[in-house]
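Feature list (source: TrEMBL):
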type	residues	note
ACT_SITE	Asp84	active site, proton donor
BINDING	His85, His183, His211	Zn(2+) 1 binding site
BINDING	Asp106, Glu136	Zn(2+) 2 binding site
Amino acid sequence: MPLVHTAALVTEARREGFGLGAFNVITLEHAEAIVAGAEAAGRPVILQISENAVKFHHGRLDVIARASQAVAAGASVPVALHLDHVESEALWRQAAGLGFGSVMVDYSKLPYDENLRLTTGAVEDLQAEGLYVESELGKVGGKEGEAPLSAHAPGARTDPGEAAAYVAATGVDALAVAVGSSHAMTSRDAALDHELIARIAAAVPVPLVLHGSSGVPDEELARAVKGGMVKINIGTALNIAFTGAVRAHLEADPKVVDPRKYIKDARAAMAATVEHFLGVLG
Ligand code: G3H
Ligand code: ZN
């Protein structure tokens, strides 16, 4: 099945009322595992590559993007490619040429006016190239390299009225909102503000995106989808599965040297995690 456009998957998920899982790719094995998990669940999926993952690959987007594209092209379920949490203009300008259907430009750490100005400019250029654009209003927090911010800090959460004005002014296609989740949580005990989700969903016309979903319990995720969340971003949960499987393998077999032996376990553990989350998202 060929790579599909993000817009098609988001539109379908919104219409049918299921949560569209978007999982972070760091290594080739992440991409393979995400697609394997989606195939096992029989669900479409998004492979997303973040600016931080590109930094890990020595600043090269093309290598991991082309590998992910090839994995997607061999999938038996629809798969889209998304470039995530991008601050660098030089990076988002590469997206159209590398098979991405969407980009999240992330100026959420800047003051509102600056976020609005930079996002509006990016939306214009990216949409002209056929890309679907997501951006963030409010502060989900917890991103690598960021000062810690509580999801409950004053001003961290997205204001529905401001969100409506921001979407109208910027023209973004999807909006990431701060509603109680936080990035990189290794425990699953984030409490979402469902009343706020409902108010934002009623105020803005575009699909909503939940970031930091690894820390959100299953029942909270399912409820968030029912309340209007469409794209559900999951990263850390895969890394917990990956590292846990490698650690278990190395402890059980301290003499192992062939990385295929333990990375195979890591890939299988990530695939099982993806299948589980996609089941939860409906
Ligand atoms: O954009 C990616 C996500 O928000 C992932 O967050 O690693 O906390 O699941 P997470
Ligand atoms: Zn995120």
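The backbone N, Cα and C atoms fix where each Cβ goes, and this holds for glycine too.
Feature map: TrEMBL annotations on the structure.
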residue: Asp84; record: active site, proton donor; DSSP class: strand
residue: Asp106; record: Zn(2+) 2 binding site; DSSP class: coil
residue: Glu136; record: Zn(2+) 2 binding site; DSSP class: strand
residue: His183; record: Zn(2+) 1 binding site; DSSP class: coil
residue: His211; record: Zn(2+) 1 binding site; DSSP class: coil
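For the binding-site residues given as His183, His211, the lowest number of other CB atoms within 10 Å of the residue's CB is seen at His183. With respect to ligand 1, the recorded positions Asp84, Asp106, Glu136, His183, His211 contribute Asp84, His183, His211 as residues with a C-beta closer than 6 angstroms to one of its atoms, given in sequence order. Annotated pair Glu136 (Zn(2+) 2 binding site) and His85 (Zn(2+) 1 binding site), C-alpha to C-alpha distance, rounded: 9 Å.
The binding-site residues near ligand 2, defined by a Cβ under 6 Å from one of its atoms, are His211, chosen from Asp106, Glu136, His211. The Cβ of Asp84 (active site, proton donor) has 26 other Cβ atoms within 10 Å, all protein chains considered. When the alpha carbons of Asp84 (active site, proton donor) and His183 (Zn(2+) 1 binding site) are compared, the span between them is 13 angstrom. The Cβ centroid of His85, His183, His211 marks the Zn(2+) 1 site; residues of that chain outside this set whose Cβ lies within 8 Å of it are Ser50, Asp84, Asp106, Glu136, Val140, Gly142, Lys143, Ala176, Gly212, Asn233, Gly235, given in sequence order. Cβ contacts within 10 Å of Glu136 (Zn(2+) 2 binding site), excluding its own Cβ and spanning all protein chains shown: 24. Here the candidates are the binding-site residues His85, His183, His211, and by Cα distance the one nearest Asp106 (Zn(2+) 2 binding site) turns out to be His85. Counting every protein chain shown, 24 other Cβ atoms lie within 10 Å of the Cβ of Asp106 (Zn(2+) 2 binding site).
Here His85 (Zn(2+) 1 binding site) comes close to Ser50, Glu51, Asn52, Met104, Asp106, Lys143: these same-chain residues lie at least six apart in sequence, with C-beta atoms under 8 angstroms from its C-beta.
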